[in-house]
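Heads up, the thing below is written out as structure tokens.
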């Protein structure tokens, strides 16, 4: 099962690569209305000029979960693993994976939560890329980078709809990016990370006995993610609808993974696959069954021995 999950994750990484860094998939070419005010915002420049630069955003998306989840799991392990009241690890000293490899429960939980996070991050990215390619929605600054020749297009009428594929005279690469805005990728990925980590923090720290550390950290993460989306609108890089759609996708993916996959980051009960597994899961219930089977086997051997089988001495 582990190898199958690795193959799935590798396939998702390859799909994201082809969507992001190659021209294998091209967005739909939507037309525009001459001098449309909604598409005539000034060009904000390359993404590197944004207040939330891509290198900072993706560094946080990749590094913060690793640091946070690893640190919290280590603290929980050191505080509660040898405690008699530990219910998180159930006094497991090792978890068997496969036939020969043994992992500490802390390491297993850390890799599991980070693996699910990576899966959700790539899933969100794929959903958003699919939406951008299918819709081909135009950015608020599209006409500024498109630079259409209005005289050639007969745009004396400002309500004229232009659908020619060669209507733009600007940089093709910049125009291509301006056709991929719905949903907003930055808003979706940042909200997914914020919701996933917030629910992880609340499951570990909680808010019992008046502690506000968990809610404070969680709301801070969500607030920063929301501000990232607002910044996209303020810089005329996305419409409000782009940001809201991206955030909705991020929240939906995070909630699905937390609720149905990692089950609120709690330890799951596994279904026993054999008698030995059942005995390990609940020895008191499985022990009588083992004794009955042993007694039956001994009775069968005695009956066979009392028959016509010759005794060898």
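Each residue, glycine too, has its Cβ placed from N, Cα and C.
Automated prediction, rather than curation, is the source of TrEMBL annotations.
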Transmembrane segment range according to TrEMBL, out of 168-186, 187-205: 187-205
Per TrEMBL record, range annotated transmembrane segment [choices 55-81, 82-108, 136-162]: 55-81
